[in-house]
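Trainee: First the structure, which I've put down as structure tokens, then a few questions once you've had a look.
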Amino acid sequence: MTLLKLNEINSFYGGIQALKNISLEVNEGEIVTLIGSNGAGKSTTLKTISGQVKPKSGEIYYKNQDLLKLPTHNIALKGIAHVPEGRKIFSKLTVKENLEMGAFSVKDKKIIKERLERVFNYFPRLRERIDQKGGTMSGGEQQMLAIGRALMMGPSLLMLDEPSMGLAPIIVEQIFEIIEQLNSEGMTILLVEQNAYQALQIAHRGYVIQTGEIQMVGEGKTLMNNEEVKKAYLA
Amino acid sequence: MKEDILVNDVIQSLPQVLVDGFILGAVYAIVALGYTMVYGILELINFAHGEIFMSGAFIGTAFLFVFSGLGLFHSLPALLILIIVLVLTSVLTGFVGMGIERVAYRPLRKAPKLITLITAIGISFLLQDFVRFITELKRGNYILTGPSLFNTQHSIKTHSILSVFGNAQIKSASIIILVVAVIMMITLDFFINKTKWGMAMRAVAQDRETASLMSVNVNKVISLTFFLGSALGGATGVLFAVQYNTIDPYIGFILGLKAFTAAVLGGIGNIRGAMVGGFVIGILEMFASANLSTLTSGVLGSEYKDVFAFAILIIVLIFKPEGLFGKSVAEKV
Amino acid sequence: GCGNGKDSKDKNKVIEVATQSPLSGGSATLGDSIKLGAQMELENQKADFKKLGFDLKLVPYDDQGDPTKGVSNAEQIAADTSILGVVGHLNSGVAIPSSLKYEKAHIPMVSPANTATEVTDRGLSSVNRICARDDFQGPAGANYAVNTLKAKNIYIIQDKTAYGTGLADAFKDAAAKLGAKIVGYEGITVGEKDFNGVINNIATKKPDLVFFGGLYAEGGLIIKQAADKGLKMPFMGGDGLDSSTLVEIAGDAVKNVYYTSVAADTLKVAGGQEFANQYKKEFNKNIESYSAYGYDSMGVILQGIKNAIKDNNNKMPSREEVEKAVRDIQDFNGVVTKVGFDEKGDNKFAKVYIYHFDETKYPGKQIDEISK
Amino acid sequence: MLKISNLTKKFGGLTAVCDVNIEINAGTITAIIGPNGAGKTTFFNMITGVYTPTSGQIMFQNESLVGLKPHAVSRKGIARTFQNIRLFSSMTALENVMVGMHQHLNYSVLSTLLHLPTYKKKEKMAMKKAYKWLEYVGLEELYNEEAGCLSYGAQRRLEIARALATEPKILLLDEPAAGMNPKETKDLTNLIYQMRDDLNLTVVLIEHDMKLVMEISEYLFVLDHGEKIAEGKPIEIRNNPKVIEAYLGKSAVTTA
Amino acid sequence: MDKIKGYLQQNKLAQAILICVYVLTTSLSLYLLQESVVAFLLVLFSLYLLYLTHFKNSIKWISAIFILTILIPYVSSQGTAFQSYMDVSTLVGIYVAMALGLNIVVGLAGLLDLGFIAFFAIGAYTYAIFSTNQVTNFIHTNFFPLTGNSFWLFIFIGGFVAAISGILLGIPVLRVKGDYLAIVTLGFGEIIRIVFNNLDRPINFTNGAKGISGIPSPTIFGYVLSDSNQFYYVVLALLGIVILAVTRLENSKLGRSWKAVRENEIAAQSMGIHLVRTKLLAFAIGASFSGMMGVVFSAKQMFIDPTSFTMLQSITILVMVILGGMGSVPGVILGAALVTILNLQVLTEVTNYLNQLTLDGVISIPTALSPAKMQRFIFGMVLILVAIFRPQGLLPAKNKKVNKEDLIETHTEEHKQTISM
Ligand SMILES: Nc1ncnc2c1ncn2[C@@H]1O[C@H](COP(=O)(O)OP(=O)(O)OP(=O)(O)O)[C@@H](O)[C@H]1O
Ligand SMILES: Nc1ncnc2c1ncn2[C@@H]1O[C@H](COP(=O)(O)OP(=O)(O)OP(=O)(O)O)[C@@H](O)[C@H]1O
Ligand SMILES: CC(C)C[C@H](N)C(=O)O
Ligand SMILES: [Mg+2]
Ligand SMILES: [Mg+2]
């Protein structure tokens, strides 16, 4: 079933067009990855979905509901979690508070506790630093926190913007494992990555995006073997 | 005069000076809270906050006039009247604050930070003249002296505690102010630091975009902040009016300045800092104006009290640039 | 355009008189009363001037109690050639710099309220006042305090404005000369509401009398807060306390207050009641101490203009002519005061009055009247 | 060239860098790797004077750097880039680079005010030189753009150009390849080689991209929990079990 | 409409004709309608139009100088309003110069200063004290008080003393950042004012609240400059120097350091910029403009007292800077001119006009609402509206664009030099 569907989206920053007629689909239970070079428009695509950027034209449907008119916080309420580029940790809040912010819309204390426990299991480092202010964590620690925070929402669609950026190989490895694990537990994932090799390896499908336009669509493995993709992104 | 006589004078009046300082400080402290809250969330020095406080004082006094006109002063206990007026006024000023945010600040969220300062100054001027106009229209004079609620004097027997002290006087109005102020502060501190909405306010303060990704309705949180800050400011205005009885449309400016100083002294954005800062400034001021001339044998007088307060502020900030309670978080590079 | 309010056709026939006083800010009540008083007299005389062939017009300026603003207004007044005189200011601090501009343009200024000595001591030929000076008012108060009230130890507070300092100093020097001991001399900040600091200091010094040089807004609060603290000694102040608002602010505590004023109790003088009635009718306001002085200042200027017109064969006089005519006035009879200027522009007939509040009601009871 | 001994930094109770000894030779490319939070950036911050070490010594060409302010360190010939980009975002790319030339532009305020020939000549030279640096990192087309509007990759390169403009002897790069795709990383690799060879630079870099690190660096230091756990040539590090366990993970070894 | 705009933008001849016609008509109308403030303002507006044209900078400057030094004084000199126009223009000049000084501190270096008026006060009092009898209270020689001749020297002394105070303030407080700095400077401003207000005891330095009067007008070759139209030229000359200095500094190494510090302190330091020195220079240079203008102000007013140096004044200058566009020299000039004219001329005139209508019985406004009292209301309204509709300021700062030709090397020799560094 199609969970998310973008139709002919055009987004702008002031006068600059960042997305040109972007159409893409994410099916329930899939890992879909978006790859492309710097400035291609990957982050903008995610921002458009989560409502941070409002497109000039086009349609976005999530579970057959129109997202276009909704403000960001209501889109989040629908179950779309967006881990933004550059982590965007609340630097003056503690690790615990950051995580609790993720569960802002959850009323049930018990569920919050359970999710907290789960996040700590994924990232034990966060448990160690539970009372440290987010802003003083190292880059990698912050990335873990950002993902953890998104998981606290209990989303049905998790959008990750370059989660491996600045992480130690061993953590990257872990993160990809976690992504696969989350996916196997039923979570749908939209992944933006520079690390095209690893992304394509775990993705069911992938989109290649170039200067705001979709260049190619295909299964992960297929794209990985595509000569053009190899030349441009896998080097 | 001999040294020890000087010191005696100072010590003898100390209990009274402290009592008076605490009362003035309480007013500064709550107004400072309003500055700190708005600053904390929008990084905006909300110059209009002093005027919200002032409007609160006028609205409260207006209510008092209405109530005394209705003869309620005889039928209801004064404390009850005060509580009713406090609630009514703070709700009203809360909405005024929310309205100001909606009209004057929200359109400028993405604009450079300082331009909002301009609208804040604009709003201040506007409110001053508006209140002046209404009052003058109604009463022919904008210096307004309201009915007094609590006038009993109590004596605190500090003399019996330590014989070098003189006794201190306190009005019942002042006691009530202190109590109400402390209650308001504790409630607010709890709200900000211990509740979900308080946490949301702090999160929005740091990063609105990301907060909205966490399903936080940013506009709502900001409105809430303004409502709370302004309600608090308005309530303080009422307390001020009850304490000093006489108000004019320009009280907000001077008091706002002091309160803002207090907020900074405590570490702006920090709730507890604002409270402590308020009390410190209040007491310093009171102490300076009572004792400066005695201590300097007349070279400096009470007219230097603000110099004294500002000098202390500057000295504190030089040694602790983030204020008394601001945590020195070395920027992560 | 904005500046073209006047018809240019019969421009030569228009005579304007300006007022400058604070219409906004802290002491606007008094500033307004000067303007309204002046306005009333001008309206009264419109018909007379019409007969002479001139249209009379009032141009009120707001000096905001701010010297810079006052000077800039003065510059504009100087530029408007139909203006032949100025009634103003309230604050000596504003009058002193602004009058330099009048002097240059030869516009006669008649002040209803400026008491600072420097206003006329500079020997400017355009500057006049109909009220008494601080070096008359201060000693008069000191004399009363020391000799009548028998105050030995006096505590002085002043508001650190040009007026407050001037008056307090004049009082202090005179009181000291009369043998009183000055046990405290403190300044306060205008606009504040909590004066407990100074009051605590008074409490430790235990003077026989407290003198306040400043305006009613702060004065009222000091008197009230001192009473709240149980201080019983009498308070005394100058013309700055002479306002109904003082009573509103201080409430019952006012019963302990003496004040000197350069303004007579309008209601007590002949014709004063009628003046108050007309004032009330026109502006729906009660008179303030300086309302009638604004009225009389305007009267003096209009008299000067009339004299100048006469001397000029019923033609429009020049500013220099009016300036001279105003200074030459020797026996003008106003509502509250007789006016005759000496060579410096001070009113020879100016008096100082001493009042005491024996009830919680404005004005206080006039208990003494001192002339030079 | 750079000799660091017993360097320690504590933040409150947390020891971010603990008793680290490192020596870097002129003209080399050295990498510092380690898990997140190992203290790598903190290490850079101490060298450049942004943080003062809790204890330890930093010797650069036999002069101590401890206690120097960042600007003084920069004047000694040490330049850096930042992990989280720190450009002067509302200035143009060209101006950013010109700021980097600050200390080499010696004309007085007086000659500025009077527009003396020295001012004009030097300012003109500086502009041309700055443009050269932009060309050097491949940003010449964007010289008039506001730095804040550039894409991520361009911003990283601009930071390098700006650092080069200070004419350093040592260049410290904090995760220069973060956010770059493999192709762009390849270009960056070439740029680093080129800098070392053309400009006689000593390069120290922090990086998590093992492909880049293993290819480019001649010598590696590995930090973990603030302590140095290993050092050596890439091949040694790659097979060091301690490093594999703490940092590389199994799959990284195979892919790198 | 857009077409006309586009055409105008391209055709310089059309621009030239248009602006000449504009200047001529407005000048003529001012010449004929001497008392029309509107005509006067319209003439002034021509400077803004000139700014919008696309001529070479040198042409713009020459035309502006012509309009300011010859045209405006001449066409407004015919009537009695002359001195008042010149007075307003002089004050505009003083405020513009001050705002430009503050712009260095706030706009370029990013240091929020809420006590800027203190430096103005310091300049003003320096001249006032030494040129009047005040000085004899603490220095007993026949040399003092100085005469109006010393004014010229005092322009520099005032600037210098203010700059020193800027540094003295800066050294301790520059550790303090952002809005903390704002409040510290605010405190400093208040301290200076209160101290000046009270320094009549124990030794009478400033004459306290009574202020200092009788400040001599400047004299040059025995000729006394006391009229506004004479001051106008003094201020104009100084303003010219200030503008020149500001624009030159802005495009120099120092200007870039200021901006770099504003954008990112840590990165700026890492580029070899001495943080404290750079900030201190901003403080000192900004303050010196203010101090210079203080001297002019006190000579012009002939009287000063502490009420001219309140925090409200500091805020007003800040408003000028932000309203005009922080960091933008033309913007700040426009902002300062607008706010000053609005406060001194337009609001007063509107008020007088409405008053006239009320007194004539054409309209009736309750005295509480009398426009004379609503100045703050109107001013506040203007501030809000401008901020909302021009959030970047009236003329936002633009980055200087460089032509590519200026960057490309022509000599291969230099090329080699660069690479081998
Ligand atoms: N806030 C912004 N203002 C103006 N332009 C922007 C903004 N954010 C992005 N852009 C531009 O939009 C285009 C797409 O940017 P986007 O961030 O979506 O790219 P990306 O694919 O995520 O690249 P990267 O790998 O560098 O993160 C780029 O040209 C970029 O310069
Ligand atoms: N200013 C600070 N205050 C408190 N703790 C800090 C501060 N700066 C860094 N730390 C802590 O010091 C440790 C080392 O941080 P550092 O940034 O040096 O790590 P890193 O090796 O650069 O990590 P990464 O590769 O993720 O960037 C971390 O645990 C971090 O939380
Ligand atoms: C209203 C009065 C107190 C004014 C005072 N007499 C003065 O000269 O300033
Ligand atoms: Mg991106
Ligand atoms: Mg790091």
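Numbering starts at 1 and runs along the chain as displayed.
Just so you know, glycine gets a Cβ as well, placed from its N, Cα and C.
Below are the features listed in TrEMBL for this protein:
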{"type": "TRANSMEM", "residues": "E:12-30", "note": "transmembrane segment"}
{"type": "TRANSMEM", "residues": "E:36-52", "note": "transmembrane segment"}
{"type": "TRANSMEM", "residues": "E:59-76", "note": "transmembrane segment"}
{"type": "TRANSMEM", "residues": "E:88-106", "note": "transmembrane segment"}
{"type": "TRANSMEM", "residues": "E:111-130", "note": "transmembrane segment"}
{"type": "TRANSMEM", "residues": "E:150-171", "note": "transmembrane segment"}
{"type": "TRANSMEM", "residues": "E:178-196", "note": "transmembrane segment"}
{"type": "TRANSMEM", "residues": "E:231-249", "note": "transmembrane segment"}
{"type": "TRANSMEM", "residues": "E:280-299", "note": "transmembrane segment"}
{"type": "TRANSMEM", "residues": "E:311-344", "note": "transmembrane segment"}
{"type": "TRANSMEM", "residues": "E:377-395", "note": "transmembrane segment"}
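Walk me through where these features lie, including what they touch and how far apart they are.
Mentor: Remote same-chain partners of the transmembrane segment (E:12-30), defined as residues 6 or more beyond its termini with a Cβ less than 8 Å from a stretch Cβ, comprise 36, 39-40, 42-43, 45-46, 49-50, 53-55, 67, 71, 75-76.
Through the fold, the transmembrane segment (E:36-52) approaches residues 18-19, 22-23, 26-27, 29-30, 60, 63-64, 67-68, 71-72, 75-76, 81, 85, 330, 334, 337, 341, 345-346, 349 of its own chain, all at least 6 residues removed from its boundaries and within a Cβ separation under 8 Å.
Listed as Cβ neighbours of the transmembrane segment (E:59-76) (distance under 8 Å, sequence separation of 6 or more from its ends, same chain) are residues 23, 27-28, 30-31, 34, 40, 43-44, 46-47, 50-51, 53, 82, 85-86, 89, 229, 232-233, 236, 240.
Long-range Cβ contacts of the transmembrane segment (E:280-299) within its own chain (Cβ-Cβ under 8 Å, at least 6 residues beyond either end) map to 94, 97-98, 100-105, 108-109, 111, 113, 116-117, 119-128, 148, 151, 154-167, 169-171, 174, 212, 215-218, 231, 234-235, 238, 242, 245, 249, 254, 258, 308.
Sequence-distant contacts of the transmembrane segment (E:377-395) (same chain, six or more residues past either end, CB-CB distance under 8 Å): 319, 322-326, 328, 330-331, 334-335, 338, 342-343, 347, 350, 371.
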Trainee: Counting only residues 6 or more past its boundaries, what in the same chain has a CB within less than 8 Å of a CB in the transmembrane segment (E:88-106)?
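Mentor: Sequence-distant neighbours of the transmembrane segment (E:88-106): 72, 112-113, 116, 119-120, 228, 231-232, 235-236, 238-239, 242-243, 246, 249, 258, 282-283, 285-290, 292-293, 296-297, 300, 317-318, 320-322, 324, 326-327, 329, 332-333, 335-337, 339-341, 344-345.
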Trainee: Is the count of Cβ pairs under 8 Å between the transmembrane segment (E:111-130) and the transmembrane segment (E:231-249), pairs 6 or more apart in sequence, 3 or more?
Mentor: no
Trainee: Looking only at residues six or more beyond either end of the transmembrane segment (E:150-171), which have a C-beta under 8 A from one in the stretch?
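Mentor: Apart from its flanks, the transmembrane segment (E:150-171) reaches 118-120, 122-124, 126-127, 130-131, 185, 188, 216-220, 238, 276, 279-280, 283-292, 294-296, 299.
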